[in-house]
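Read through the structure below, which is laid out as structure tokens, and then see the notes.
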């Protein structure tokens, strides 16, 4: 009977299960449950594939650092710090990220590697704190040692290579005596004076060698002579000046303390009161001109009356003609001295007029020029023809 009862219950359960499935299927609940289960299974499978194929996070710089001895030592110090204060959660994150589950040294090994002796003072803190204390003590010792060295360097005088202390001698502010430079400057002065004297003597010889008996020279010749005197004067001044000394040599040079030499000594010229200022011979010994025609102030002025000048000129012409005729100078073939002052220096042909007529023509031209230029009377003075000297009518240099 028991077997029949069990068989009846099993049939009832099957019928009930069938009835339940049919009811749930008709209501749509069974299909929804199947879909949710199916989706959950697919999601679980996909997530499993992602976890398996996921690349682990690797820090290359940290990996290279931990491969060194110092890197492992630093990681061990940090891990020992976390273990000392029981920071388990932080340590649980630190070890996976750094991949240091193995290979880190304990406290005893770290103390031995760092040379730290475990004492009462060091047990109360992590090893990282002791390392920092020792670094600070070393820095203080170095700074105190450098300060002592700096003070010794400042207070101790510098030593020579032989070991002796050398005294520091400040630079002297007294200028050096330049005696040799002054000697050179003083040695150049006689040479400059000698050159100026030679130039002045050459000017005198050149002027004295010119013919003195010819009183009818052209105005162009007179201007050429004045230009040569001006050029010679500039040469004399330049030769006397010489090279300028330096500022250092000017202070102790005795040349600038001497008085200025007189014109007689500097230019070799001395005025002769016996000769008249208006004669032709006085032009040869005249001093070098300084500026323009201002040195001709000693000549007779041009403001005399025309009648007096005309009488004087006529008398001079008569005397010159008489002397030339007595000496027989007007007959031979002679050079025209006016051409000597020209650049071509050609020989002039024999003139049909006599020398006296040429002089008269020159004088007439000069008189006309003087009369037409009254505004330049103060600046220009005529020295071409003047009254002849009573001492000698004709002068000639004797070699």
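Keep in mind that glycine also has a Cβ here, set from the backbone N, Cα and C atoms.
Quick look at what Swiss-Prot lists:
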type     : residues : note
DOMAIN   : 70-102   : domain 'LisH'
MOD_RES  : 143      : phosphothreonine
REGION   : 143-311  : region 'Disordered'
MOD_RES  : 152      : phosphoserine
MOD_RES  : 156      : phosphoserine
MOD_RES  : 160      : phosphoserine
COMPBIAS : 197-209  : compositional bias 'Low complexity'
MOD_RES  : 202      : phosphoserine
COMPBIAS : 245-256  : compositional bias 'Acidic residues'
COMPBIAS : 286-302  : compositional bias 'Low complexity'
MOD_RES  : 301      : phosphoserine
MOD_RES  : 326      : phosphoserine
REGION   : 328-357  : region 'Disordered'
MOD_RES  : 337      : phosphotyrosine
- line: Reduced to three DSSP states, the domain 'LisH' (70-102) has 26 helix, 0 strand, 7 coil
- line: For the residue listed as 'phosphothreonine', the three-state DSSP class is helix
Message: Return the average pLDDT for the domain 'LisH' (70-102) as a whole number.
response: 91
Message: Quick check for the class: what is the C-alpha distance, in angstrom and rounded, between residue 143 (phosphothreonine) and residue 326 (phosphoserine)?
response: 121
Cβ packing number for residue 326 (phosphoserine), 10 Å threshold: 10
Message: Is it possible to get the count of other C-beta atoms within 10 angstroms of the C-beta of residue 143 (phosphothreonine)?
response: 10
